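Feature annotations, reproduced from TrEMBL:
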- 26-46: transmembrane segment (TRANSMEM)
- 39-288: domain 'G-protein coupled receptors family 1 profile' (DOMAIN)
- 58-76: transmembrane segment (TRANSMEM)
- 96-118: transmembrane segment (TRANSMEM)
- 139-160: transmembrane segment (TRANSMEM)
- 195-217: transmembrane segment (TRANSMEM)
- 238-258: transmembrane segment (TRANSMEM)
- 270-290: transmembrane segment (TRANSMEM)
Amino acid sequence: MANLTSVSGFLLVGFSADRKLQILHALLFLMTYLLALTGNLLIITITTLDHRLHSPMYYFLKHLSFLDLCFISVTVPQAIANSLMNNGYISLDQCILQVFFFIALASSEVAILTVMSYDRYVAICQPLQYETIMDPCACRHAVIAAWVAGGLSGLMHAAVNFSIPLCGEKVIHQFFCDVPQMLKLACSYEFINEIAVAAFTTSTAFICLISIVLSYIRIFSAVLRIPSAEGRTKVFSTCLPHLFVVTFFLSAAGFEFLRPPSDSQSAMDLMFSIFYAVIPPTLNPVIYSLRNEAMKVALRKILSKEEFTQRKMHLKAIFKL
């Protein structure tokens, strides 16, 4: 990373130079961020407090919500602050950290989604072996592997991306330090290493997508043999939105990462970045949990007066000790 000392920071152009539009973008992003924050924190709280939800499915769901919470917090608060202050400057250190955490969390999320699809496949297609295959030790190892893989991916991108000599102006036509946009600043003969790393990451994500699709093909084949129409509807209503969001997220990210960099600013770049950086963390709580009957029952129980009184007395007893 020899050229870091010669770089002082970058200018994030964002969505618009018009002050009214900047305020509008800030308000929309703030509403979206608060929605994502509330939904994901709610899932983490429910799956932690309700012992009936201490199963592999909800264990992975809790980690997915935590990933979504961190993922959207990497980019959106910075974009809100930049729009409100009418200042798109971001320091080099901030940009490095943003690239690292963005790639690391996105990669970990893809890995967790793949594990979740396998969990559903085992639960539906191999129910007798479910407790043996998805035992607590295996679940912990799967989550640790997802976090480690994501961290290594983020480290590779950050190290390679910020070791590339910059030949253009330090202006990023995006609301965060997006790797494809930063490649536009690189010397044309120097960014082949980042292209290779991006291609490797995207290929790995594509393999994960194929694994998810194959898992759901087997799930759907098993579900179609269920005699109960209500049972089929219940599984399809959960699996189809999951498959849609995964495909949507990976397709938008893959298109943006593998598209050849150009020198012109494009509204499509901003649109695709929202598709994979903002929308999935906001929709995941609705798709994976808030439409789940067990989650609704657990939420009503936690919010009930009797449950609240019991927990209050329990906390008082703990503090007295």
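Cβ coordinates are placed from backbone N, Cα and C, and glycine is handled just like the others.
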Please determine whether the transmembrane segment (58-76) and the transmembrane segment (195-217) are in contact (criterion: at least three Cβ-Cβ distances under 8 Å, sequence separation 6 or more).
no
Who are the long-range neighbours of the transmembrane segment (96-118) in its own chain, taking Cβ under 8 Å and residues 6 or more past its ends?
57, 60-61, 63-64, 67-68, 70-71, 74-75, 78, 90, 142-143, 145-147, 149-151, 153-155, 157-158, 161-162, 176-177, 179, 182, 201, 204-205, 208, 211-212, 215-216, 242, 246, 249-250, 253, 276-277, 280
What same-chain residues lie close to the transmembrane segment (26-46): Cβ under 8 Å, and 6 or more beyond its ends?
53, 61-62, 65-66, 68-69, 72-73, 76-77, 79-80, 83-84, 278, 281-282, 284-286, 288-290, 295, 298-299, 302
